[in-house]
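Chemist: Among the features that TrEMBL reports, transmembrane segment is placed at 12-35, 41-60, 120-143. According to TrEMBL, the region 'Disordered' annotation covers 66-112. The annotation compositional bias 'Basic and acidic residues' is assigned in TrEMBL to 95-106. Sequence annotations record features per position, and here TrEMBL assigns domain 'DUF1980' to 184-283.
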Amino acid sequence: MRRRLIARWQGIVLALVGIVATVWLALTDQLGLYINPASSWFAILMAIIGAVFVVAAFAWPPLDDEHASESDVSTPTPTPTPTPTPHARARVRGTRPEPVHEHEHAPSAPPGRIRTAQTAVIVVGATLALLVLPPATLTSAVASQRSINSEASAIDRDGAALVGGDTSSFTVKDWAVLLRQNPDVDTYTGTPVDVSGFVLASTEDSENVFYITRFVVTHCAIDAQPVGVPVYLPGWEEEYDADQWVEASGALTANPAGSATDPLVLVPDELDRIEEPSDPYVF
């Protein structure tokens, strides 16, 4: 059937686009924008296996019924029964014939043509998304849809090991986990912090506080969760924009606003704009 033939080639072409995109991202060292680098080898292996199946699909001849269309199947056509015309019915009844109203209907597109157009849209869309548009990192728009510092699995796994550790090498994730688990003001007030990430406005006190944020990626970008260190800087929006990458150094102190969500904030001594790093996520 024509429908089966279209579905066959749609699947093959989409698989080929995905394989090419995976290999290209791996060769250009950008696969980490979409999956955890620890899983890169698995993605590449799956791409190689997929390529073998695509080659086999091109080499394997299609089934005979994939070449056949609905019009090729001959079915017996019943002999139509003549329908009396209005004039004939009128002569039988002895009445005046009723006027016949003819309505013109716009011809509809054949179903096969519609399916072909839908397939073309899907293939072109996938090609644009995976091969034409440049790879991009997750932004504050995604972070605002997910609760920041709510990565419970990371807190349970890493929190205990971070207590009493060397804070000079802590990442945004390390600080977020530690402060989420033990936000004791007396313990951490005055502790130096040096972190980098993108700017994300606080939903509780957006005029004075923003987060230096990164995404934690467990497997792929779909499960990415934002973590961040709250920065206290009144009027920050006049100098910095959301998604702007910055590097801050300073010390932790009690939040002047007395927030229960963020009892400790970073008061920066230095806050510099930086370019987005090649490894924007933490794992």
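Glycine is no exception: its Cβ is also placed from the backbone N, Cα and C atoms.
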Chemist: Restricting to the domain 'DUF1980' (184-283), what is the model's mean pLDDT?
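Modeler: So the average pLDDT across the domain 'DUF1980' (184-283) works out to 93.
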Chemist: I'd like the per-state residue tally for the domain 'DUF1980' (184-283) from DSSP, helix first, then strand, then coil.
Modeler: 10 helix, 48 strand, 42 coil
